[in-house]
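S.K.: Quick one: this structure, given as structure tokens, is what I'll be asking you about.
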Ligand SMILES: [Zn+2]
């Protein structure tokens, strides 16, 4: 049964003109990045840790910011390597069928694998950049971490003195409307919508499936656990992404 489904999905991907991919924590856990927000996520199981990362606490409490910068020094993204799942999406792009990768991940592993940055829509932002919460100035993360290592526990914006944070979307923070619009457009404009390693339980990311379905796209869900969209999906597969995706994308080239 599963094998027949896998073959069918491979055919759909091979014959699609445009594929939009949504990726969640499940593709990065196979690279050693922990899942923070998912049903089994570190923050979900530890509300105190989650509270620490709300934007209000971050702005109000210098101690929260000091802890956050210390954690950023040791973020798993600095040492993680993309896996076969990320590389398969690079192959999909090279075959000319990729419309966009919309990702809930902040680790930059799609770009590290070789996906074109202009095709990766990071709806939850990126940990590789720092943003000033007052003037919006963006600075590469390594430059700011250098200041933290040198003893600046809560490095302020060089331009305006404002509070800085990784350029990620914290709890309580709005998604960037332009980024969300690009994700919506890519979801409406595809033959196949491939949801990879996402629980499809966090909005607005999950709602992208609705746009794709409404536009007539096939929905393929690849996730270890059931999702609220399984019943509306054309195919649901449970195997590890790094094993499955190269088979699905590779042979059709
Ligand atoms: Zn600033």
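Numbers here mean position along the shown chain, with the first residue as 1.
Note: Cβ is positioned from N, Cα and C throughout, glycine not excepted.
Annotations in TrEMBL come from automatic prediction, not curation.
What TrEMBL records for this protein is below:
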- 124: active site, proton acceptor (ACT_SITE)
- 132, 135, 157, 160: Zn(2+) binding site (BINDING)
- 1-253: domain 'Deacetylase sirtuin-type' (DOMAIN)
S.K.: Can you tell which of 132, 135, 160 has the most other C-beta atoms within 10 Å, given these are the binding-site residues?
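M.R.: Sorting the candidates by Cβ neighbours within 10 Å, the top entry is 132.
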S.K.: Does residue 157 (Zn(2+) binding site) have same-chain partners at least 6 apart in sequence with Cβ under 8 Å from its own Cβ, and which are they?
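M.R.: Sequence-distant Cβ neighbours: 132, 134, 135, 137, 163, 164.
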S.K.: Measuring Cα to Cα, how many Å separate residue 124 (active site, proton acceptor) from residue 160 (Zn(2+) binding site)?
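M.R.: Approximately 25 Å lies between the Cα of residue 124 (active site, proton acceptor) and that of residue 160 (Zn(2+) binding site).
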S.K.: List, in residue order, those recorded positions out of 124, 157, 160 with a Cβ under 6 Å from any atom belonging to ligand 1.
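M.R.: Checking each Cβ against ligand 1, the ones under 6 Å are 157, 160.
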S.K.: Through the lens of DSSP with three states only, how would you label residue 132 (Zn(2+) binding site)?
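M.R.: DSSP assigns residue 132 (Zn(2+) binding site) to strand.
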S.K.: Does DSSP give residue 160 (Zn(2+) binding site) helix, strand or coil?
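M.R.: Note: residue 160 (Zn(2+) binding site) is coil by DSSP, not helix or strand.
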S.K.: Looking only at Cβ atoms, how many others are within 10 Å of the one on residue 124 (active site, proton acceptor)?
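M.R.: For residue 124 (active site, proton acceptor), the 10 Å Cβ neighbour count is 21.
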